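Written below as structure tokens is the structure these notes are about.
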Amino acid sequence: MERLEHRLGFLTGLPIIVLLLISFIMPLFVVAGFAIMPQRVFELAHLPDFSSFAVIWEQGYYKSLLRSLGLAFLTTAILFVVCWPLAYGMAKVFGRFTLVITLAVVLILFVSENIRLFGWTLSLMKGGLIEGHLRAWTGLSFESPLYDWPVIVFGMAYVYFPFMLFPLAQGISLVPDDARLAASDLGASPARILFEIEMPLAAPGIMVGSLLTFVLSAGAVAEAKLLGGRSVVVLTDDVESAFTFGQNWPLGSALSLMLIVIVAVLAMVPISRINLDAIMGRKR
Amino acid sequence: MKPVSNTTRIALYLYGFLIIAVLYLPLVSVGFASVSKARYLTFPINRYTSEWMVQAVTSPNVHDLVLTSLKIAVSVTVLSMVIGFFGALAFARFQWKYRNLFQKLILLPIFFPQTVLGLALLIWFSALGIQPSWKTAVVAHLVWIAPITTLIIAIRAYGFDPALEEAARDMGASTLTILREVTLPLLMPGVISAGLFAFLLSWGNFPLSLFTTGVDSTLPKWLYARMVSGYTPQIPALGVLSVVGSALLMTIGFLVFRWTRRRA
């Protein structure tokens, strides 16, 4: 019986294992291979060198990497603060309203992210939904926040909002009410309860949510293009130009590889710690 | 004692409504823009027209885009339902040696930036000498969507009783018969909702299609190219139509789901 289970498990897992090996793991190795090829070659049949990394250093491409990581970090921090109260409400306060919020947030995920970001340019531009109506009704006006870096952070926070909200709500639901009550009875202030009881106990959710939003926004490109115009060049922008206009695959690969390594290291932490059977299979 | 005071409670509800309003605000703008008569859009809108919508629906170029998006979404849906069904069994049902490792492998692509994945696949296809087309886009979408359908079906697979399968085996049913007659019907609701997710996610996906469709263009990719190059009223009109399409499908899916549940 046990041998049968083992064989069946392997056989049923095989289709997706093959899919991911051929079209996820192997492409990543090819990217790594191109990253150590000489400049502007289109095959892997050359002697490896590290010229791409030298170019990244000398021509300042590392700046766009740092910029992307900085913007991603800011996005994550802002999303954490914005999502915490709502996640708290969903886990502990709302009851049926939690379902309404969950549905509303999941449904918006099915609308292409570029349509939603385009909607923001129409809302925020001079003469757009917000400024246009404000001027028509009150005569007041304001400069458009578009085409600068803060609006890119806003756009990323908007697009990746669900990826922070749901893990946080899941994490907060792990905090037992008794622990809060006990701390409160002993005279702890709300701030102290937040920092010393709730946040440590909700740590798994905080970790998953933060890493997910950080990783996704570090690799984002549409926010910078659609809301930021060409004012801010992010890493994925540089990668794209290296592959298209630049026709320099090794440079593009080396830039992607740096991002991939950072993502892989960060993603390993929650993935290695999560016990999926416990999270998903509560019924058993 | 209640967990929060009444004032906090009301504040949290208001905050919830505010967030939902902010989430949907851009769609309101796109909606208004799609029916504004002025070629150069400014709010508030004074004159309305359905001209752009009619233009979008009748344009042969749009028909091609919709057809390509549909071809990709339908292939992705069918393939990811099959792959996800088997994957979910390996994920949740069978106790096998490498199950833990397998579960983590499934999570990796979901944690991965999609644009970078698209680029990596572009290099990979070129290295193999494969010309990018809508078929390569199907592969790219699958890498991200098949793990998601696997997870959705796995939730269902965790919930069912293995004793049902064992009973069938004791009565002499072969492994294939059990899969077809016991496992598949039990997991069907999960498979159907996974299929709906797969279709909608593929239909709206843009970062994976950006680099992997080659000369074929999908609706989101075409919209993006137009958005970057400047405003035309066709963009919001097509955007609205695409969203309405998804919404219709979701409603139909929901009704079918409720109908099958009532019968069961």
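In case you wondered, yes, glycine gets a Cβ from its N, Cα and C as well.
Same-chain neighbours of the transmembrane segment (B:12-35): 4, 41, 43, 45, 48-50, 52-53, 233, 236-237, 239-240, 243, counting only residues six or more beyond its ends whose CB sits under 8 Å from a CB of the stretch. Per TrEMBL, transmembrane segment is recorded for B:12-35 (among others).
What TrEMBL lists as domain 'ABC transmembrane type-1' is B:66-256.
Panel annotation: around the transmembrane segment (B:72-94), residues 102-103, 106, 134, 137-138, 141-142, 145-158, 162, 183-184, 187, 190-191, 194-195, 198-199, 202-203, 209, 213, 218 of the same chain, lying at least six beyond its termini, place a Cβ under 8 Å from a Cβ of the stretch. The transmembrane segment annotation in TrEMBL covers B:72-94 (among others).
Here TrEMBL flags B:106-127 (among others) as transmembrane segment. A Cβ distance under 8 Å defines the sequence-distant neighbours of the transmembrane segment (B:106-127), meaning residues of its chain 6+ beyond its ends; these are 87, 91, 136, 139-140, 143-144, 147-148, 150-151, 205, 207-212.
Only residues 6 or more beyond the boundaries of the transmembrane segment (B:139-161), in the same chain, are considered here, and those with a CB under 8 A from a CB of the stretch are 72, 76, 79-81, 83-85, 87-89, 91-93, 106-110, 112, 114, 117-118, 121, 186-187, 189-191, 193-195, 197-198, 201-202, 205, 208-209, 212. According to TrEMBL, the feature transmembrane segment maps to B:139-161 (among others).
According to TrEMBL, the feature transmembrane segment maps to B:182-203 (among others).
Per TrEMBL, transmembrane segment is recorded for B:235-257 (among others).
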